[in-house]
4 protein chains.
Amino acid sequence: MKRIGMLTSGGDCQALNAAMRGVVKGLSENVDELEVYGFLNGYKGLIYGDYRLLTSADFSGILTKGGTILGSSRQPFKQMRVPDANGLDKVEAMKATYHKLNLDCLVILGGNGTQKTANLLREEGLNIIHLPKTIDNDIYGTDVTFGFQSAINIATDCIDCIHTTAASHNRVFIVEVMGHKVGWLTLYAGVAGGADIILLPEIPYDIEKVIAAINKRTKAGKGFTILAVAEGAISKEDAALSKKEYKEKVAKRKYPSVSYEIADRIFKETGVEVRVTVPGHTQRGGSPCPYDRVLCTRLGSAAAKAIMDENYGNMVAMVNGKIKYVPLGDVAGKLKTVDPNDQMIKEAKRIGISFGD
Amino acid sequence: MKRIGMLTSGGDCQALNAAMRGVVKGLSENVDELEVYGFLNGYKGLIYGDYRLLTSADFSGILTKGGTILGSSRQPFKQMRVPDANGLDKVEAMKATYHKLNLDCLVILGGNGTQKTANLLREEGLNIIHLPKTIDNDIYGTDVTFGFQSAINIATDCIDCIHTTAASHNRVFIVEVMGHKVGWLTLYAGVAGGADIILLPEIPYDIEKVIAAINKRTKAGKGFTILAVAEGAISKEDAALSKKEYKEKVAKRKYPSVSYEIADRIFKETGVEVRVTVPGHTQRGGSPCPYDRVLCTRLGSAAAKAIMDENYGNMVAMVNGKIKYVPLGDVAGKLKTVDPNDQMIKEAKRIGISFGD
Amino acid sequence: MKRIGMLTSGGDCQALNAAMRGVVKGLSENVDELEVYGFLNGYKGLIYGDYRLLTSADFSGILTKGGTILGSSRQPFKQMRVPDANGLDKVEAMKATYHKLNLDCLVILGGNGTQKTANLLREEGLNIIHLPKTIDNDIYGTDVTFGFQSAINIATDCIDCIHTTAASHNRVFIVEVMGHKVGWLTLYAGVAGGADIILLPEIPYDIEKVIAAINKRTKAGKGFTILAVAEGAISKEDAALSKKEYKEKVAKRKYPSVSYEIADRIFKETGVEVRVTVPGHTQRGGSPCPYDRVLCTRLGSAAAKAIMDENYGNMVAMVNGKIKYVPLGDVAGKLKTVDPNDQMIKEAKRIGISFGD
Amino acid sequence: MKRIGMLTSGGDCQALNAAMRGVVKGLSENVDELEVYGFLNGYKGLIYGDYRLLTSADFSGILTKGGTILGSSRQPFKQMRVPDANGLDKVEAMKATYHKLNLDCLVILGGNGTQKTANLLREEGLNIIHLPKTIDNDIYGTDVTFGFQSAINIATDCIDCIHTTAASHNRVFIVEVMGHKVGWLTLYAGVAGGADIILLPEIPYDIEKVIAAINKRTKAGKGFTILAVAEGAISKEDAALSKKEYKEKVAKRKYPSVSYEIADRIFKETGVEVRVTVPGHTQRGGSPCPYDRVLCTRLGSAAAKAIMDENYGNMVAMVNGKIKYVPLGDVAGKLKTVDPNDQMIKEAKRIGISFGD
């Protein structure tokens, strides 16, 4: 007999359902009795005891279903120790819910922030298993996170579509890819889509070098240029500002995002028409790709094994192509960003992709 | 022996290549000798004699290729009678190129503006065949234009992706669909994607009714609402302005497009988070869908027949499911907009879709 | 207050759920009280009173879901008047279920055979509305059936994939497309996919002409040839046989389908390697394409209107682009096959596609 | 100045062009003068001196293009030392072509067989770089081969489509996945597609256990079962035969492949209708997925670096997520098959997938 709780927290992504299906299938095939408590809308459901008792039928047929059947919400780690409007201590409330339901463990699917709270709950004595979810691929200690490949596919489709229209009209196009702090998604989608210029949060750009790269293409007779720009791309000037100065500058910016600002600069300096495309939240949506479905089925199945083995306190991760259990204490709070000297950056530069640096 | 000229003009779209392939295959299978002059970048190539002599090999393997192998550009009809910077009369220049190359006819692929110029050239004595291209589906005299279905597919994919993320987060989402003056694309993509609210240029919206529709869903326990909004969606107040007043208002608008303005209003009045997605030019790009490939192969083949029959001066159109030759003089300058009493609007309203009116 | 029954019968296809959603949304938005009885597995559920009382929640989120939430089965029209193993008269049993539940009407989604039974029930005094479903597009009296465009997309994807591998290896490839008696699906997918040879049930082929078409391509330096072959493609010799003789011949055939037989003949006569691909039931599966979703939403909404107007006994059809109510008595038992002189066949031949005739 | 030869050999797959583009872009951006000799149709072109001198324009825009611009053919390793019909020694002929063109090196894209010949040429003194291509993922010494993920996507799409139709009709479906000797593709597509039973060449199946797995599902109220079956799936009885006995048995088999034989057995023992789908060569075709495009761009760029460094005799591989140069002598002739005790097999079994063993 096992009683497990489950929740999905933070920005949603593809394959959350696939991962939960893996956990529940793994358990229901191997455990005599199973009770699954699905907490609604992330940690909120755990805090306020808002849950549904789920049966294995709830997890049937959801392998390919986008989103999360449990709902999600963002509950910043920093707020976890701050009492809510009614004075409720959220951490104590979560522990109370856990103990009241007499859970064997809590399976938590989420990204970096979620992981920090998961680790906190572990420190508070709860049995925790974390599954690394995020389109950003920025979780430390795993080769890859789920949602990442599905998001790459959508952003790349977008660049593919832009390619044909760009070629027909001799224009500059900017595709704005999700990622405020981390550029993995932009890097992979940019390389996969054949972008000419890729701007990442981790490699501040020099607008003159961006323009030089465009002009180089024009001189070579290539009438169009495609830029894959991360939401968090930043110029060298802005990167030199203090956090406060930068925030003030952004607040005053008349453009809805940095892509529009870059577009404006390029147009002013080259006279070439620039178009901006913002696929936005589509990058989190739709059916998970086969890669993510395999990944999540494996992670979920391995989580089920951990529960049967009472092996708690870990993130179930992919390490060098093998499933590993990585202690949450070793990874929580760490971020995996793009190293400007990463092998893949060098490979991209070698074939002529500019990073504006 | 046939000598034909060909050009693609206006905003590019899917299946331009498929249509040209149909024309050239139809001719090269049936005509002893064939010379195809491909004018580059729309009417510009015809004006300045910028062309390539193409062989049937150029048209092999392009059925599925997006964009146009000839390039395109926008040459407004109104500018056609205005001499260029060097004093060149563009219409006379086009006629001169045509006669110099001793063409049997000119096959012109384009939308409404392109069609007007095509009709002008016909009036000037050239042999013209027009193929109705546009993602807007606003060409009068044909059931459908090519590019339309492919664009629907892309915009619908976008709404599909948004659906899963919207459902996970209980948010309001706006997907901005192409179409400044005409709402067919938004209407079809909105219905296909299961949007809850659809705002079209032809049906000015009342923001209070939009908000009421959102609130109705919230009360019914549906946590999210999706709006498909045409680029040219317009409020009742703005629709009441004179053209001049409206232009001035838009110029002052701090939002990059009407979707952002609507998002802001909804957020202010409901307190619900609103996210905007702008697929933009992706809607013109990528490989044509099978529907458009069949349509274009048929239109192209029928254009080849018209050339062999020396049957000129027409748009090759689909009328009640059959290919017809429609005199350019009967259709040029007319626009097919969405009638607010269209059968499909009524059908959509019947199932609960709000148009904000 | 309305009490309606609903069933899906025959081979399943895409957009059945989308159509049912349209009906139920249309009614639940406009009718005070609504009871929906969903009969399981086609007419079987109606015969044996096997149903579920459905709520509007059952129809939420199924716009994009393939298959049918009601299940389906094939119940041949000819068997309807034959008592079952227990001596039950099926027609009387269906009437009894209908009257026992005191239904206002029965909404039946299905193809030709289904339509004949629907018409029989109408003749027996039941209120019937029929929605034209089939990937074969062979229902008389409507421009198009739902499922058709989705199936075209899948079969065309298949041909697209084959194209790249065929071109790399200089081989002949056969893609076997669904359709035992009717060739619309093969014709449209063949043209959309750029097949070189298309073999349909309605146009018996001469194998020598098929081989000549292959050799013509080889001589023209085109190393590969792609055939789109309907399941029911038939040679001129076989078409000349009596039905009985043909059945006997097929029974003795060592190949699982005609495609393998054609492949063998081509290999023997040309020495070129031939590969056969059988996408099979994938052509009925997956999420409906946007075209079918729009079509079904419209048909469903119009069916809801008919129910509110108590306008029964019709197929809800698309006629010249407009929704029409077509009396079942006018169309039941008729089949819409490909006319060998159809405009589209001529267009296809004009661009060099061989039909082997 | 660099003079390189390039060829693609064996069964084609996705992303061959993407890989070649990576090599050529990497060189043309960094080397003063570059000559690229593209040998046509695999080793055949090298043997008979059949090549085209390619420019960087040939490699522009081919990132997303399926197939290979060089053509391919199968030239079994065993035949390489056997003189051709005219008595020509093929290995000597290849060396002669290489030396005559004064090549710096030869970039060879191919699978296991290709790799063995590549290693032979290395032993004969040529400068060789090998890129690991195959949808089978069976090359020893690399995490993954290119083509594999694209093929998974296609096979999974196929299973996805079958899922909806299977669920509607309560049938058993078999999807036959490519792979005569190695089951990676079937394993990954099976898990990604949610197959219930997966049969691999490496794990001989007991038909009674397969049937038991189907019956277990039926008892659990799940009306349908999906099998992903590798082309080379083999029963325990057949696996016990000698190679000769097995060949004779297969030659007598009346079914075109093992899937049909399994279908027949299941039908006879359960009475449930079974349908077989054979996606076949579609699994090698179409545009490469973003995963493969990134992989090939990286491999290609790293091959360019190796050429500049005159670092020859290696396969450019992905090892634990990093690009590595793996000596051909260490890996040629080795096959990476599915270990029946592989972690992923255990994970799959844990969630209830049967392997029939």
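Heads up, the Cβ atoms here are built off N, Cα and C, so glycines get one too.
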Considering the substrate binding residues C:Thr134, C:Ile135, C:Asp136, C:Arg171, C:Met178, C:Gly179, C:His180, C:Arg275, C:His281, C:Thr282, C:Gln283, C:Arg284 given in TrEMBL, which of C:Glu92, C:Glu231, C:Glu237 is annotated for that site as well?
C:Glu231
C:Arg74, C:Gln75, C:Gly111, C:Asn112, C:Gly113, C:Thr114 show up in TrEMBL as binding ATP; which entry in C:Gly5, C:Gly11, C:Gly22, C:Gly183 does that record put in the same site?
C:Gly11
Where's the emptiest Cβ shell within 10 Å among the binding-site residues C:Arg275, C:Arg284?
C:Arg275
Measure between the Cα atoms of every pair in C:Gly11, C:Arg74, C:Gln75, C:Gly111, C:Asn112, C:Gly113, C:Thr114, the residues the record assigns to ATP, and report the largest value in Å, rounded to a whole number.
12
Of all listed recorded positions, namely C:Asp136, C:His180, C:Thr282, C:Arg284, those lying near chain D with CB under 8 A:
C:Thr282, C:Arg284
From C:Arg74, C:Gly113, C:Thr114: binding-site residues whose CA lies within 10 A of C:Asp136 (active site, proton acceptor):
none
If you compare CA-to-CA distances from C:Gly11 (ATP binding site) to each of the binding-site residues C:Met178, C:His180, C:Arg284, which comes out shortest?
C:Arg284
Chain-internal residues near C:His180 (substrate binding site), provided their CB is under 8 angstroms and they sit 6+ positions away:
C:Pro201, C:Ala230, C:Glu231, C:Gly232
Quick check for the class: what is the C-alpha distance, in angstrom and rounded, between C:Thr114 (ATP binding site) and C:Met178 (substrate binding site)?
19
Mind giving me a neighbour count for C:Gly113 (ATP binding site)? Other Cβ atoms within 10 Å of its Cβ, every protein chain shown.
20
Euclidean distance between Cα atoms of C:Thr282 (substrate binding site) and C:Gly111 (ATP binding site), Å:
18
What's the CA-CA gap between C:Arg275 (substrate binding site) and C:Arg74 (ATP binding site) in angstrom, rounded?
32
In the structure shown, which of the binding-site residues C:Gln75, C:Thr282 has the fewest other Cβ atoms within 10 Å?
C:Gln75
